[in-house]
Amino acid sequence: MSSHADSKPWTVPALAQAKRDGRKLVMLTAYDAGFARTFDANGVDLILVGDSLGMVVQGHESTLPVTTADMVYHTAAVARVLERALLVADLSFQADATPERALDAATQLLQAGAEMVKIEGAGHKLDVIRYLVEREIPVCSHLGLTPQSVLRFGGYKVQGRGEAGEQLRRDAQAAVDAGVSLIVLECVPTPIAAQISAELRVPTIGIGAGPGCDGQVLVMHDMLGLDSGHRRPKFVKDFLAEGGSVAGAVQAYAQAVRDGSFPDAEHAYAA
């Protein structure tokens, strides 16, 4: 467990300080009080109530059917039991279609206990980000493979190869300029993710983006080796197999992120 775990709850400013200190951030998804309590007590710094719940909890084929009401329900359940982890919640599909809609959804999530909201994509979403930040709502930007864009991408594929890598760098910097406090990079080649992480003043959290990010996140079902009904991505590792219990798996995952042993080349994408 990190030294921060023994001191005080995580805050948004503490995330930036962790990056300056070179301390890796450990993030996991959670959707209910039971798992959230266990994760919080065993070294997880940030908990994400992700719209991934559409697939791993509700049994859908994608995140698209998830509603703001779904997100609020699960966010509130998780928030009730957290003592130290910072709680991030996703804006669901099209909840961020306009700044006004995003503000309404984000307000509901913060009232339910979230401390930051996550928005997928850049481009026109930058106006949404600025609108929320100007109204004192912390924002995390999700770049690379954005699951809400699965139809446009034609499936779950690595993003940021070749010239697309330069656009990803520009998008990340634009998101920081718009005021985000955190960036998630998903399914991005290791060199590009490392370069982006080195260039930005805010922390990056990788998922299939290599060890050069400032932290890592996994969907809890993947970290525990549970069958989600979908193909296992390359970046997934079953920590329950070596941890022996849920708490042990979380501790093993947290330690591997902090000491840099996860992700290794086997669980990342080359350029």
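Note: Cβ is positioned from N, Cα and C throughout, glycine not excepted.
The 3-methyl-2-oxobutanoate site recorded in Swiss-Prot includes Asp51, Ser52, Lys118, and the single candidate from Asp32, Asp90, Asp96 that the record places there is Asp90. In this entry, 3-methyl-2-oxobutanoate is bound by Asp51, Ser52, Asp90, Lys118, whose most widely separated C-alpha atoms sit 12 angstrom apart. The Mg(2+) site is set by Asp51, Asp90, Glu120; from the centre of their CB atoms, other residues of the chain with a CB within 8 Å are Gly50, Ser52, Thr63, Val66, Leu91, Ser92, Phe93, Lys118, Ile119, His142, Pro147, Gln148. For the pair formed by Glu120 (Mg(2+) binding site) and Ser52 (3-methyl-2-oxobutanoate binding site), distance between Cα atoms is given as 13 Å, rounded to the nearest Å.
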